[in-house]
Amino acid sequence: MASATSSDGIGGRIQNASLVLVSDNNSTLADIRKAVTMMKNIAVQLEKENQTDKVKDLENSVAELLDLYSDCNHRSSAIQSVANGYQPGEQLTNFQKLLDDEFTKLKAAPSSVPQNDHLMRQFREAVWNVHHAGEPMPGDDEEDIVMTSTQCPLLNMTCPLSGKPVTELADPVRSMDCRHVYEKAVILHYLVKNPNANCPVAGCRGKLQNHNKVFCDAMLKYEIEELRSLNKQSNRAEVIEDFTEDVNED
């Protein structure tokens with residue numbers, strides 16, 4: 001009993017330490033997003049002044065920041081993964097190796113690329129629209145044009161189990177494996193009934209395995225808030241369009 005209590009205590013301290021580290025990392029992630037937004041606004045102004053070389057320099061700096069952003073995001077996910085999966089043993093745990101191994105695995109995953117692509121595209125499109133508003137960027141097709149204004153790094157817009165929009169989830173979590181988003185209480189209940197289950201999204205082969213594989217990673221709440229903003233913009237545009245049509249009819 002004493003051993004079990006000791007293990008629980010160690011596990012609790014590991015969880016608390018991970019929360020502190022992830023919180024610090026979240027602050028860095030938020031600062032990077034703010035910096036990228038500021039640099040995008042500066043680049044737009046420089047493009048208006050036809051200072052192309054300075055715009056290119058800013059784009060290169062944004063690319064470097066986004067590499068750092070990606071690493072910070074993976075570090076947060078690695079910290080949470082190691083903390084959630086920690087099991088005390090007789091041997092001393094090499095946490096640095098566990099974190100480095102998990103970081104390397106996450107960075108190599110295909111899902112590590114789209115987030116940076118999305119942010120860089122926003123930067124380039126803002127600059128392009130200064131002199132070419134309404135025109136497709138070089139290499140774009142019609143699908144790219146539609147996706148740009150509505151693109152969001154979230155893979156699913158509703159929880160596959162509750163049916164609720166992700167913007168209305170009380171406690172959203174994301175799968176480490178496939179990156180789909182769920183309501184925490186619902187997915188945990190699903191895992192109790194279906195141990196070692198696959199992701200419940202139709203056609204997805206992501207492995208959930210256990211509750212340690214789903215959590216609120218560093219940027220999930222930020223991305224959900226971003227989706228809320230996109231929805232509000234879309235709703236405002238629809239209201240304006242409806243009003244314009246009514247005026248024209250009159």
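Cβ atoms here come from the backbone N, Cα and C positions, even for glycine.
Predicted automatically and left uncurated, TrEMBL annotations should be read as such.
Away from its own ends, the coiled coil (41-68) comes close to residues 32, 35, 116, 119-120, 123-124, 126-127, 130-131 of its chain (Cβ-Cβ under 8 Å, at least six residues beyond either end). Summarising the annotation, TrEMBL assigns coiled coil to 41-68.
What TrEMBL records for 141-229 is domain 'SP-RING-type'.
Residue counts for the domain 'SP-RING-type' (141-229) under DSSP, split into helix (H, G, I), strand (E, B) and coil, are 35 helix, 13 strand, 41 coil. Across all of the domain 'SP-RING-type' (141-229), the predicted model scores a mean pLDDT of 81.
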